[in-house]
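Under the heading ATP binding site, Swiss-Prot lists GLY170, ASP171, LYS172, GLN173, THR174, GLY175, LYS176, THR177, citing sequence analysis as support. For SER363, the entry in Swiss-Prot reads site 'Required for activity', with the evidence type sequence analysis.
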Amino acid sequence: MSQLKLEEISSVIEEKIKNFELDCDMAEVGKVVSYADGVAKVYGLNGVMSYEVLEFETGDKGVAANLEEDSVGVIVFGFGNNIKEGTSVKRTKSLMKVPVGDAVVGRVLNALGEPIDGKGEIETNEFSLIEQKAPGIMDRKSVHEPLQTGIKAIDALVPIGRGQRELIIGDKQTGKTTVAIDAIINQKGQNVICIYVAIGQKESTVAQVVRKLEEYGAMEYSVVINASASDSAAMQYLAPYSGVAMGEYFRDHARHALIVYDDLSKHAVAYREISLILRRPPGREAFPGDVFYIHSRLLERAAKLCDEKGAGSLTALPIVETQAGDVSAYIPTNIISITDGQIFLETDLFYSGIRPAINVGLSVSRVGGAAQIKATKQVSGTLRLDLAQYRELQAFTQFASDLDEASKKQLERGQRMVEVLKQAPYSPLPIEKQVVIIYAGAKGFLDSVSVKKVVDFEEQLHPFLEAKYPQVLEEIHTKKALDKDLEAMLRKVLEEFKLTYSE
């Protein structure tokens with residue numbers, strides 16, 4: 001056996017000492033003082049940032065919401081069943097991030113951006129902070145491109161443009177979610193990525209929405225974020241911010257996105273719950289003073305960017321539920337003042353068979369004609385006024401029976417226009433078909449058709465056009481306007497169809 005030389009031993013030891021690295025992990029650690037209702041009070045984290053992600057030794061995570069002199073109020077994701085007094089909490093020195101990009105499209109995620117659809121992990125290296133500054137004035141461009149919903153009453157009377165924030169407001173069970181889902185279904189082939197954020201909804205309702213989107217092939221370009229009623233208030237509060245971060249990725253990469261928040265009433269309630277547990281002073285309706293700010297900073301992130309920034313857009317459709325039609329409550333008035341218009345859905349209209357139950361008088365788009373193609377403007381120019389006069393006459397006829405001819409004519413035309421604007425759920429209509437049927441109603445082609453048969457007239461008109469005169473629809477689609485020749489051709493087609501149509 002060969003003896004080890006002294007020099008060899010010393011050189012090996014020297015080499016080991018030279019290459020030795022002390023593998024220690026430096027972390028700022030605090031202790032939980034108290035934990036209740038999803039909020040932990042933590043002592044010993046003096047350098048923590050506002051809304052920094054913190055890790056508990058139990059594996060739970062949370063964000064630092066209240067930074068006090070001697071403690072930190074931490075909102076815990078999930079229910080934190082194993083967190084108790086004395087549990088260690090360490091800083092991550094990073095703010096809340098979610099996965100973004102094409103990898104999330106077609107998936108159902110929770111508020112933290114984790115998949116909950118059983119289709120495996122999201123493979124992406126791209127993450128984005130959920131709290132971002134909204135684009136400034138100079139980075140924006142005025143809304144000028146239409147975002148068609150496929151709903152006649154909206155595209156003709158309260159048009160939505162790319163980059164707009166349009167509120168959908170109404171009592172429960174008036175078809176608010178259906179309007180939003182129709183808008184998502186209608187984006188097929190339009191190169192618009194859609195994000196549906198469900199806040200405080202029943203799991204069964206969200207599953208139904210996902211099934212509908214899959215049925216109409218809309219999941220291919222959609223993301224669903226679910227913070228259901230069974231999730232903690234923290235998850236419900238975070239969900240819309242995670243959703244908008246995903247939408248911003250497409251906006252900032254010169255693409256177009258549409259985000260639906262369903263609904264912000266429940267979001268405000270979740271935030272109220274968190275704030276009261278954090279012992280922040282309550283204000284009107286027990287909401288904290290900054291409840292306006294949580295919604296304004298969320299909705300301001302929807303924008304149409306200027307050409308220098310890539311001309312991308314993020315359109316927001318927030319939904320708010322009212323109680324007994326009271327739009328003057330705290331949260332509805334807040335969000336009405338933040339958004340660029342509202343679509344008001346009414347219970348009375350819904351139960352009288354007018355669906356979508358849009359109250360044309362109270363609904364408004366502050367973008368207006370800028371978000372419409374010229375053809376729609378041409379056919380629906382006086383539609384709002386005509387419907388308003390019809391409603392006035394209708395109220396008058398309840399007291400007076402004898403009407404002059406002009407009033408009778410106006411009343412009959414109005415009844416037919418109300419029928420024209422009716423639409424079945426999940427059946428959005430291409431803009432060229434909308435132009436044709438609204439033109440037919442506005443120009444008196446439906447005057448001889450009985451009111452009950454207007455919907456049937458429309459159902460037969462579209463296949464007739466597709467079979468015999470597809471060029472009419474194609475021309476409206478490409479020209480986006482009705483010139484003299486096209487209008488003459490459209491009149492001829494409608495007259496021909498009226499001869500063949502039998503009630």
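Just so you know, glycine gets a Cβ as well, placed from its N, Cα and C.
Since the structure is predicted, the reported quantities are computational estimates derived from the model, not experimental observations.
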Set of same-chain residues at least 6 away whose C-beta sits under 8 angstroms from ASP171 (ATP binding site): GLU321, THR322, GLN323, ALA324, GLY325, LEU345, GLU346, THR347
Residue with minimal Cβ packing [other Cβ atoms within 10 Å] among the binding-site residues LYS172, LYS176: LYS172
Candidate with sparsest Cβ neighbourhood (10 Å radius) among GLN173, THR174, SER363, the listed recorded positions: GLN173
Cβ packing number for GLY175 (ATP binding site), 10 Å threshold: 19
Same chain, 6+ residues apart, C-beta under 8 Å of the C-beta of THR177 (ATP binding site), given in sequence order: THR205, VAL209, ASP262, ILE319
LYS176 (ATP binding site): secondary structure state under DSSP, collapsed to three categories: helix
Other CB atoms within 10 A, centred on GLY170 (ATP binding site): 27
Cα separation, SER363 (site 'Required for activity') to GLY175 (ATP binding site) (Å, whole number): 15
